[in-house]
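Copied over from TrEMBL:
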DOMAIN    18-301  domain 'Sugar phosphate transporter'
TRANSMEM  12-32  transmembrane segment
TRANSMEM  44-63  transmembrane segment
TRANSMEM  83-101  transmembrane segment
TRANSMEM  138-155  transmembrane segment
TRANSMEM  161-181  transmembrane segment
TRANSMEM  193-212  transmembrane segment
TRANSMEM  227-245  transmembrane segment
TRANSMEM  252-277  transmembrane segment
TRANSMEM  283-304  transmembrane segment
Amino acid sequence: MAAAAESSGLTLGLYMSLIIAYLFLNSSLNLINKWALGHAGFRFPFLLTSCHMLFGFCVLAPVALRDGWESHRATLRKQWRGVACIGAFLALNIALSNISLMDISLSLNQIIRSAIPVVACVLGIVVESKYPSPQEAASLVVLSCGVMLAVWQGTVAGKPYAIALSVAATVSNAAMMTFSSKLMSEKLDVVRLTFYVAPVSLTCLAPFFWMYERESFAEYWPSHQEGAGLIMLVSSIMAIAYNLVHALMIKNVSVVATTVLGEFKIICLLVLSAMLLGEGSEFTFKMTLGCLLAMGGFAAYGHIKIKAAREGVKPPLLATSGSADRDLETQLLKKGGGA
């Protein structure tokens, strides 16, 4: 992945700082969302993500609108299709995953979503004609299979429609990142992209909030105004920071590398929980084998990128919260199909 830093013009220090910021914000946002949805009683992920979108739009407006309406009109005239696709795919990723969890096991949902590096790689070929080397493709398959083994909890039950929706959500997530990479490669900066996408995603999420959360939130709000308001504000601040850093990762590191880091983070959290939280007894042979496979795939992927950089070959940059992260989506199980 060092080759990505070289090709993007980032110094090694800035490159590593970007990766650290991405991993920190990703984990922090996951933690905040998990606490809010699973422990604080705020079981409204569609509303929470909508707040993230609205807050980001309002915060970025003073910066984005400095260029004047004519500049934005010219940009949107050229890029509106891509912006609409990114916003729609972002909303679909959240909505379809949440709905699918009503009739699919969490384990099977995680297994399906663990394939995202491979899906992103395939979409990079289709959308941007960027082909991986055979070694790179093999390392991504090994990494994804390792994560699947590690997160498999033994239950893979699910109705056909729910499995289809989970697959569609995974494809939507990868498509969102692929189109983001394509637009930013065409000189659309990170701030403008985030600013343009927010109202599109907000519009797409509104019907899901209206159908699934409106009535329960109307009952919840009167007696929880202060706590709910604080949750929405704090998570929105974290989300806008994460969305900007995530977009920078896609632009400067590549989509596939971003998804690889996300998968590796999952393995690291599993290992750390076993070492630091006394959960080693829960580490089965299957989980151990999965972690070893995932680490091997990650090491092989990194070696390929480093070797390409040393040989002076620019590697193919193939086309990850948002604010809608995996923990946010999977809280439906705790709500029994509603969050």
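Using N, Cα and C of the backbone, Cβ positions are placed for all residues, glycine too.
Unlike curated records, TrEMBL annotations are generated automatically.
Between the transmembrane segment (44-63) and the transmembrane segment (227-245), three or more CB pairs separated by 6 or more residues in sequence fall under 8 Å, so the two stretches touch.
Among 12-32, 138-155, 193-212, 227-245, 193-212 has the largest number of CB pairs under 8 A with the transmembrane segment (83-101). Of the Cβ pairs linking the transmembrane segment (227-245) with the transmembrane segment (12-32) and spaced 6 or more residues apart, 3 or more are under 8 Å, so the two regions touch.
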